[in-house]
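Presented below is the structure to which this report refers.
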Amino acid sequence: MKQRTLWSAVLVAGLMATAGCGSAAGPGSPAGGSGDKLVVWDWKSGDAKAAGYVEKAKADFAKKHPGVDVQFVAQPFDQYYTLLGTAIQSGKGPDVILFNGGGQIRDRSDALAPLDSYVAEDRQRLAGWEAFSKAGKVYAAPVTLQGHPFYYNKDLYQKAGLNPDAPAKTWADFVKNCGTITEKTGAKCFALGNKEGYGIQFFLSAMGSATLTAQEYDDWVAGKRNWTSPDVKRIFELWKEAGDSGLNNDGVNSTAMFNDEFALFQSGKAANVIGLMSDVGHWKDFAEFIAPDKIGVMQAPVVNTAATPSLPYDGGIGYAVAKWTKDPKLAADLVRSLTSTDALKTFYADGGAITSDTSIDVSAGGPSVKTIVSEVKAGKPALHVALSSKTLDLMGRLSQQLLSGSTTVDDAVAQLAASDTTG
Amino acid sequence: MTDVAPPSLSPSGLAAPTTGVRPQATAPPRRNRVGSRAERLAPLVLVAPAVLVIVVLRLWPLLLGINFSFTGDGDRNGTAVGLDNYLTLLDDPLFRTALGNVGLLVLLLPVAVAIPGLLATFIHLKVPGHRLYRGVYFFPAVLSPVIVGAIFTLLLAYDGPLNSLLGGLGIGPVDWLGDPDVAIFAVVGVHVWATFGMALVVFLAGFATLDSSLLDAAKVDGASLPQTIRHVIVPGLSRTIQFVFITTMIGMLTSMFGLLFVMTSGGPEGSTYLPEYYIWTQQGQMNRPALASAASTALFLIMLVVGLAQIAVLRRAAGKED
């Protein structure tokens, strides 16, 4: 009996002793593909719309580096960052990684190799680098641009007796027009889905340039965010007012943005929507239901006369190189092939994405896409992209509370300020 | 083990060198020692595979996870931070909501057990169409939570069929999945709908062991249905009821992720968070794996306490019966 206890004690003691030494967060050991093989992780290459793009990029890379095997692994987007987190923890994984711009890549920049020296030649040709940079270093090359144009349904404006080619310039006029549209056509002002808390992000970025002064806007993006400024507070007040005064569709907090919100806009149940430029919820998606020439893109209606509205946009998705890859130069060359003009042209034509290469001719896409591309030059980084994932998550929940009335704007802004300063 | 005395301590073993008269006397113990050593090692060798599987695949990762929960995230990756992660958890209103929801699930457990129990009773009492109901009730149990979630997201949408129906009855629309006070009940309700078929089958199996003469006797004595249920069926099925309680509890705490993910994404206002969903968000979305480990450890401890409490209750009840 005594001996049995001894055995167990030795077993447990041994386990405990070794448990103390090991850390699951050990330093990443270099691994990844071998010298003549590169592994790419993304959530795009499995999509039929991106097949042509991937082919073009592969061909371009094969010309420069014949004999290097490139393998694309398409992961499900739902679990993408979970899988990537596991790979980063173990310090092993793909050589080239697709990222969303903003928080998603900045939070993981420790695991990536800076690309500045490899992509210097592309800096002028491509737009949207800011979203893939941290502390002055670039970690990925932008493929698409992602932003939040203010779309409107010209048909509904026309039916309500408004001039579809002269949308409201100020917030007051915009709300007045919405009243007319709802009265005449029964359509709501905004299509909005905030189930996941994304609605507020789009709203913040779209209305930001029409509410903040240029100085406040630039400070925000640069990380000097003044949450107590009346202009910042005004954006959240607008969000609450829009909900309280019935501008939004019903059941905002249980409506999914993808794709119930956009379905409401496409089916003419709402006159305006703050959408996207690329991938989904954008001009190409809408054009399947609304004639392309009936989709309008307007500047955000001015709230503060000291503000100048501009298109909020950033690099949307971009390819990064993992720190643990054997030959960063080779991997960076693959990234350059993935952002070559030819490949991006195919991505625009097949997938309807506004790519980072703004020299691509988009005139065939209809008036809305032309307006968007023309606004890119004067555009600025979106406000919400500058926030950490933690603050965005909190903002999503607070935005739901603002709509349901269980918190006040003052309290919400105070909580966001606290979250933003602690990182 | 106990029937063979350890040879080194046997009196003959100690006595042999001192007397030196009967050298043979040491031989049998020596043989004994060899035999008993094999005998002693045999059980260890035999249980080794099972122990190794448990230790290597269960306990070891568990200890690594617990160890990991005392390290930091982001800039502090890999450095020991003591109880910081646990303090962060306690300070996070979202995690507190998640724990509160666990408590709510425990409170709702009797309802989740009563529904299949009652329906099984009706089927056992052969209400008209009981054969059909038996199949129909079991049907949702074969659907994946994601599909169930998608179906009910459509049904419970603000402009969905259920609200149209209520509107027709003159009742105002309810934002089933958008109202923080209602959403968790909507999700639990759907979970019960989707899983009660399995409990129903267990109950029906329990009924098969019920002595039908007792039911007949109750009928002859003129017992009403509630009286029959209270005095005949519930005492007769106490073991089954306990089993269903435990399995339903485990199901509620561990397999609601799919439904939450599809139906509410933890919202609205974070009101439908459960620890599992919290862990997933922190690890995958917020890139804070160490904090997620701390939350996992906390969830493990909760499950351990709940599990031990249930075993205790089960043991006491079983002792009373047998």
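From the backbone N, Cα and C atoms, a Cβ is placed for every residue, glycine too.
The compositional bias 'Low complexity' feature in TrEMBL is assigned to B:1-17. Positions annotated as domain 'ABC transmembrane type-1' by TrEMBL: B:94-310. Annotated region 'Disordered' per TrEMBL: B:1-34, in sequence order. The transmembrane segment annotation in TrEMBL covers B:41-60, B:102-125, B:137-158, B:182-210, B:243-263, B:290-314.
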Maximum Cβ pairs under 8 Å to the transmembrane segment (B:182-210) among B:41-60, B:137-158, B:243-263, B:290-314 is reached by B:137-158
When each of B:41-60, B:102-125, B:243-263, B:290-314 is checked against the transmembrane segment (B:137-158) for Cβ pairs under 8 Å, which one has the most?
B:243-263
Looking only at residues six or more beyond either end of the transmembrane segment (B:102-125), which have a C-beta under 8 A from one in the stretch?
133-134, 137, 184, 188, 192, 196-197, 199-200, 202-204, 206-207, 210, 225, 229, 233, 237, 241, 244-245, 248-249, 252-253, 274-275, 302, 306
